[in-house]
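Quick look at what Swiss-Prot lists:
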type	residues	note
BINDING	Cys70, Cys72, Cys85, Cys88	Zn(2+) 1 binding site
BINDING	Asp460, Asp462, Asp464	Mg(2+) binding site
BINDING	Cys819, Cys893, Cys900, Cys903	Zn(2+) 2 binding site
Amino acid sequence: MKALLDLFKQVQQEEVFDAIKIGLASPDKIRSWSFGEVKKPETINYRTFKPERDGLFCAKIFGPIKDYECLCGKYKRLKHRGVICEKCGVEVTLAKVRRERMGHIELASPVAHIWFLKSLPSRLGMVLDMTLRDIERVLYFEAYVVIDPGMTPLKARQIMTEEDYYNKVEEYGDEFRAEMGAEGVRELLRAINIDEQVEQLRTELKNTGSEAKIKKYAKRLKVLEAFQRSGIKPEWMILEVLPVLPPELRPLVPLDGGRFATSDLNDLYRRVINRNNRLKRLLELKAPEIIVRNEKRMLQEAVDSLLDNGRRGKAMTGANKRPLKSLADMIKGKGGRFRQNLLGKRVDYSGRSVIVVGPTLKLHQCGLPKLMALELFKPFIFNKLEVMGVATTIKAAKKEVENQTPVVWDILEEVIREHPVMLNRAPTLHRLGIQAFEPVLIEGKAIQLHPLVCAAFNADFDGDQMAVHVPLSLEAQMEARTLMLASNNVLFPANGDPSIVPSQDIVLGLYYATREAINGKGEGLTFTGVSEVIRAYENKEVELASRVNVRITEMVRNEDKSEGAPEFVPKISLYATTVGRAILSEILPPGLPFSVLNKPLKKKEISRLINTAFRKCGLRATVVFADQLMQSGFRLATRAGISICVDDMLVPPQKETIVGDAAKKVKEYDRQYMSGLVTAQERYNNVVDIWSATSEAVGKAMMEQLSTEPVIDRDGNETRQESFNSIYMMADSGARGSAVQIRQLAGMRGLMAKPDGSIIETPITANFREGLNVLQYFISTHGARKGLADTALKTANSGYLTRRLVDVTQDLVVVEDDCGTSNGVAMKALVEGGEVVEALRDRILGRVAVADVVNPETQETLYEAGTLLDETAVEEIERLGIDEVRVRTPLTCETRYGLCASCYGRDLGRGTLVNVGEAVGVIAAQSIGEPGTQLTMRTFHIGGAASRAAVASSVEAKSNGTVRFSPSMRYVTNAKGEQIVISRSGEALITDDIGRERERHKIPYGATLLQLDGAAIKAGTQLATWDPMTRPIITEYGGTVKFENVEEGVTVAKQIDDVTGLSTLVVIDAKRRGSQASKSVRPQVKLLDANGDEVKIPGTEHSVQIGFQVGALITVKDGQQVQVGEVLARIPTESQKTRDITGGLPRVAELFEARSPKDAGILAEVTGTVSFGKDTKGKQRLVITDLEGNQHEFLIAKEKQVLVHDGQVVNKGEMIVDGPADPHDILRLQGIEALSRYIVDEVQDVYRLQGVKINDKHIEVIVRQMLRRVQITDNGDSRFIPGEQVERSDMLDENDRMIAEGKRPASYENVLLGITKASLSTDSFISAASFQETTRVLTEAAIMGKRDDLRGLKENVIVGRLIPAGTGLAFHKARKAKEMSDRERFDQIAAEEAFDFGTPSTPAEEPQHPAAE
């Protein structure tokens, strides 16, 4: 049997392997791969089109052109297989060996591999400890390098010019050896004793103290140790033999007209061979040194450009002046091997067409055009035709199908029954972008799509196209049906909301049907059942919106759980409702009460309704319900016949007066500006403010008029009811349009923005109903075009962010049920400015509790640790008012190389605990990247109009309770008896009667407190007030003011107020001061006591110093007596520079890339007491003395705002200088939990602003990946180097091993890497190479002899295995288990088998042996 199979050379079962190893090939290895040396640059004979012998396409080396036929035609047919023809030397075998047989070129002079020379940091440079510049000069024959100094005073590796060399030769004769070119470098590499060097470096590392040296040594040590560990010899970085790619991989294709198209590689190889042959000839002829040298340099350059064209010097160009595509270009970049052919392949059995709406389909169906189906399912039809005996051969079957005989259509129906197909709409931004459907054959050429899945695909029917793919194997069909069928994917994986929500006309229909009208036809009637209502409606006795009373039968869950008892029992009750709602009650699934329908159904309500159905009635009932909702919606919208016309856009009559008043106010400001009372900036801000307020007012008047209408009720009185205006209904229901759009139609368009985001102060007072004049139209085109340009940029940027996110998380898969960790994070409701932005229930829903949840009133355990908190649980927790729950989080999961299900919690797309094998990393990346296109690109200029709205001047309680101050709150009582806040980060909390936090408010510096700690207050009570326009500088001590460095014209300037004539002193910017000396001084105040001594800070020797910052208006006079809490100076808020707040997509990218902000705030490194040291030029010195008495200094620029004061005690990680937080500092000083809270909250802020919901755990998953490397601080007895960054899991594994062996484990600190960095520093070199910087990644991996264990998804896709996620994870687990048991069973046999089979001799397979050694 085996012989028979061999005869036809069946596709062999590919090698099973668990890892891939990469390394440098030794010259002998390259020769062993080769099937012969390529000696001539010729390719094919242009007359006979046969390959030239010994040329680049030689049949003798690479194999026959035609299957089983030698070149001269002496041997043809299978029977001669394996014969080598004596005439032409060609082996008789398959032609496809030309894809795998390699050749080689023996180089006449060695050549350095450009990747190891020029890819930074230069590996050759590191091994030789020489600079790149020097090595290059040697390699390209510009200088000599000393190889063996002998007895001379020269040093090894010394560089000398030609002149030097000749002088030294005259001086020392042949006492020493110096060489040029790659030979010299090879000699140096051979001379290196790696073990010795490593020992030496390790001792030097221990003994040195300088940072720079440590860094340098560690780098070099890493490279040398890599060589040592991998057993690769450094001299292999210099090539003596050049391998030649198999000819089929660099084809030469005849075009019509006798021309040839060829791969660039052939050109590059040809140059190498030409130069190599010329060099050989020159060496034989003993040509002069200078000619040989030139030839050697040209050979080096030819090999360089073959390997990586354009890396050094100018790129080699072909006939048409474009750079040739070298081997490196073949693998890197978007069009390279990795991204083009391995990660994204075109697949067979697929087609695409335009989509149209299919309202008659069920949720799990799609309409497939007959012709498409016929083409896609061809093989199945052929098979069926043969089985049925209609056709005897495939050829006959083909004919039948082509003629489209009736029997073929019958068979097609049969074939596609229960055979799901996958539909995909590009761009596939999340996993719902591909779903499976059962095909329904339709006439026409467009694919029909169910309306409810449009939201998931983000599809509309304005010409969108979709692709169809057919899963072929039974396993694929099974997976498509169970995992991907549209009716099994009804929730968004990003947030757990339903994805099958109706939109547009469906919503409009349902909304119209569930509205109620006063005094509709038939109001007040009572009906015995829904069928009676329907009959009355059909006979036009009642209107849809009339209020009626109806007896409605609901199916409720049966309390009786005994055997045979029905699950649902009917319950009849009388409801006051409307006709439309009663009719809709027909489609309610059992288990839902009628009350969910008994209200106007807007889009949000419908979404909530479907969600409730899913939680209460399960998946099947929900899908059926959604389908019926859709059908009813369409039907009712048609019956309603809603249309819009110009008269529906009601312009409010008050508009004229409102706009007129505003114009008057603007005129008044212009007048003030002309008389110099206000600055240009203030005028602009005020004008913009006026117009935005006006726009609001007009909009409000318009909405009031539009949203209600007068109506006569049954008793004949006039009253107002919600309007049935078509435009209003569309916006109110959420079907189409929004209040803002209606305002533009019927109110006023308002202010427009310039492309740079600044606001044009002339508003557009017209609306679209009145029409715009030319100027107004021109102004509005400005912003509109910017919008379009933005969208294009946004899409690209968003796509790139998604790609980076996917890359960093692609190997994160749930691999076990529970890691057993007792760590977690404490979740609280998210409160901002006293508002609850996100309730606790939303934050803990679907998480696993890590500690018991206790009822605060009775102290009994509600939910044990390890419980998955579902809807009922979080509702109960909310009802009891528990304000903090400790839950598990992906960040603290202790699973290595993956995550555990308990730390992840609920799979949001399914609503149950996540399954083992779920690729949660990719899902997280998609959930964050998918809404990326909805985020804005723009950065917000805070200044002018925008900040005006944000200025608050007081804070008031929103609920009843008790005031509590945070520990950081400090205040003093001034002479008037007012409490003035002197802490920068004080907060006031409002707690309820059990002591649970209800609100939290920040109280700024200088605020006056109106309520003290422990005061009981009612909602609406003011807690504190402050002046929003200025920020005071307040003294905490009393005394007499003594100015220091306050010199008029030097550090301060006198300003006289135009209106009041009072003068104040203003501190001027150090940069604008005259002399050098005055730049470093800082105006400040000291206080003197009654005896004229300086007031000291209690308990210290320091005098009280209060510094004034730039722009401060000093309000006290020298020698003035001041009391505690008095204001010394004010800083106008206006003069604070308008700072740009990065918003939208760039902000998200900034957070995930972990970039340090420009003027980052400074955090205290230690816990201790603050004091100010001696100021240096332009900087002030802040000293923190820790509890042991050590001093830690910080230099702070003068213009920065210091948040602490002399003598204040600060905690480690507390902010001491104002500014945006630096995530690296947060991690270092406050730990992982604080960092995660920071990143999660910041990212969520951006998305929340756009109204996008994303679950926190997705962001946490990404933060986990950003923290996956650790830096070794002390290597203990491990194999790591101090300062090295390693994978956390590796480190833990190694430490476990050390502890098991009783050695000293390594200690480490956490490192935060940006997502790009993290993707590139992964342990898998295949994944990193396919992401970015392919050359660098591969160079590094080759030297280290890296081994890729194929843990992630990407690596496995690239090598073509099943991915280790989902069903693939189970497959690999089973395979490994089987291998383990087999290995034990067959240990004996294995030894003999290995002897039989040996290793496969196909050179292409060579690097792919199981690297399990």
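Each Cβ is built from the backbone N, Cα and C atoms, and glycine gets one as well.
Fair warning: this is a prediction, and the values are worked out from it, not measured in the lab.
Sequence-ordered, the extra residues of this chain that approach the Zn(2+) 1 site, with Cβ no more than 8 Å from the Cβ center of Cys70, Cys72, Cys85, Cys88, are Ala59, Leu71, Gly73, Lys74, Tyr75, Glu86, Lys87, Gly89, Val90. The shortest Cα-Cα distance between Cys903 (Zn(2+) 2 binding site) and any of the binding-site residues Cys70, Cys85, Cys88, Asp464 is the one to Asp464.
Between Cys85 (Zn(2+) 1 binding site) and Asp464 (Mg(2+) binding site), the C-alpha separation comes to 59 Å. Highlighted in sequence order, Ile355, Ala459, Phe461, Gly463 have their Cβ within 8 Å of the centre of the Cβ atoms of Asp460, Asp462, Asp464, the residues recorded for Mg(2+), and are not part of that set.
Here the candidates are the binding-site residues Cys72, Cys819, Cys900, and by Cα distance the one nearest Asp464 (Mg(2+) binding site) turns out to be Cys900. Cα of Cys72 (Zn(2+) 1 binding site) to Cα of Asp462 (Mg(2+) binding site): a distance of 61 Å. Here the binding-site residues are Asp460, Asp462, Asp464, and the one whose Cβ sees the fewest other Cβ atoms within 10 Å is Asp462.
Looking only at Cα atoms, Asp460 (Mg(2+) binding site) sits nearest to Cys900 among the binding-site residues Cys70, Cys893, Cys900. Of all the binding-site residues listed here (Cys70, Cys72), the one with the fewest other CB atoms within 10 A of its own CB is Cys72. A Cα-Cα distance of 63 Å separates Cys893 (Zn(2+) 2 binding site) from Cys70 (Zn(2+) 1 binding site).
The Cα of Asp462 (Mg(2+) binding site) lies closest to that of Cys900, out of the binding-site residues Cys70, Cys88, Cys819, Cys900.
A C-beta separation below 8 Å, combined with a sequence spacing of at least six in one chain, links Cys88 (Zn(2+) 1 binding site) to Arg53, Ala59, Lys60, Cys70, Leu71, Cys72, Lys74. The Zn(2+) 2 site is defined by Cys819, Cys893, Cys900, Cys903, and by the 8 Å test on Cβ atoms against their centroid, the other residues of the chain that qualify are Glu816, Asp818, Thr821, Arg888, Pro890, Thr892, Glu894, Thr895, Leu899, Ala901, Ser902, Tyr904. Each of the binding-site residues Cys85, Cys819, Cys893, Cys903 was assessed for Cβ neighbours inside 10 Å, and the highest tally belongs to Cys903.
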